[in-house]
């Protein structure tokens, strides 16, 4: 059975056909509409899936935000242009006439990355560092989503009580500091207004402020990982996302994690499926996982 998998992120929308063998084909992308109106997202999703839907028997959605009763509830609306709520399952069923499931994108990615691990691993945490910071937790070999869909939203744990206000309403969240949006928001002077990609480029060219911003992000993530180890005693942490997979970033996180007491050390791995983990995880879950 072929699944039409959709990944809804803060920067881009992606869709692909995924067969029972896990092979991805006909992958497509569109920018995420920067609009508070549900109609803008619906129109973008329609354009994305219309060339693919005739070749699929079901739809699986991996989306940023809390997924509850098939709807997207934005924990940080800034990541979706201010959109607060969107009926994901209902909308895609109307657009495609296919049975549809939905799950948080980081939770979906966690499940895909867990399947790629070698050895006897039952406890794993996945972290994505991208427009925002998200996560997924596998414990006892099972994906934890929680009764309200909140499990794994580790980007909204506290990093600095005196830090910037996060879009979720809290102050000093990991996401407000370590994410691509957080990196860009802290830039000053000649870097003011630059996006995270530009800041990484400037850091590679020796710009001291850019390097400081990236080190600040990596240090914040390392402290989060130490907290995660203390909370879950996970066997490994897998890191993905556009920032998490940027050249040199994971090595920085490892350097800062090594400065924590040994009890909080844990193996760090780069995401095996890289930017396709959300699509693959949603498709895998559609094959039999009850959400």
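For all residues, glycine too, the Cβ spot is worked out from N, Cα and C.
Take the CB of residue 132 (ATP binding site) and look out to 10 A: across all protein chains shown you find 35 other CB atoms. Residues or ranges marked as ATP binding site by Swiss-Prot on the basis of sequence analysis: 5-12, 132-139.
Taken from Swiss-Prot, the feature Zn(2+) binding site applies to 156, 166, 168, 173. DSSP gives residue 156 (Zn(2+) binding site) a helix state.
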**OP:** Write out, in the order they occur in the sequence, the residues of the chain not among 156, 166, 168, 173 that have a C-beta within 8 Å of the mean position of the C-beta atoms of the recorded Zn(2+) site.
**Re:** 75, 76, 155, 167, 169, 170, 174, 175, 176
Subject >> Rounded Cα separation (Å) that holds between residue 132 (ATP binding site) and residue 156 (Zn(2+) binding site) >> reply: 10
Original post:
Relative to the Cα of residue 168 (Zn(2+) binding site), which of the binding-site residues 7, 11, 134, 138 has the closest Cα?
Top reply: 134
**OP:** Provide, as an integer number of angstrom, the distance between the C-alpha atoms of residue 138 (ATP binding site) and residue 173 (Zn(2+) binding site).
**Re:** 22
**OP:** Determine, using Cα-Cα distances only, which of these binding-site residues is closest to residue 166 (Zn(2+) binding site): 5, 7, 11, 134, 136.
**Re:** 134
**OP:** Tell me whether residue 136 (ATP binding site) sits in a helix, a strand or coil according to DSSP.
**Re:** strand
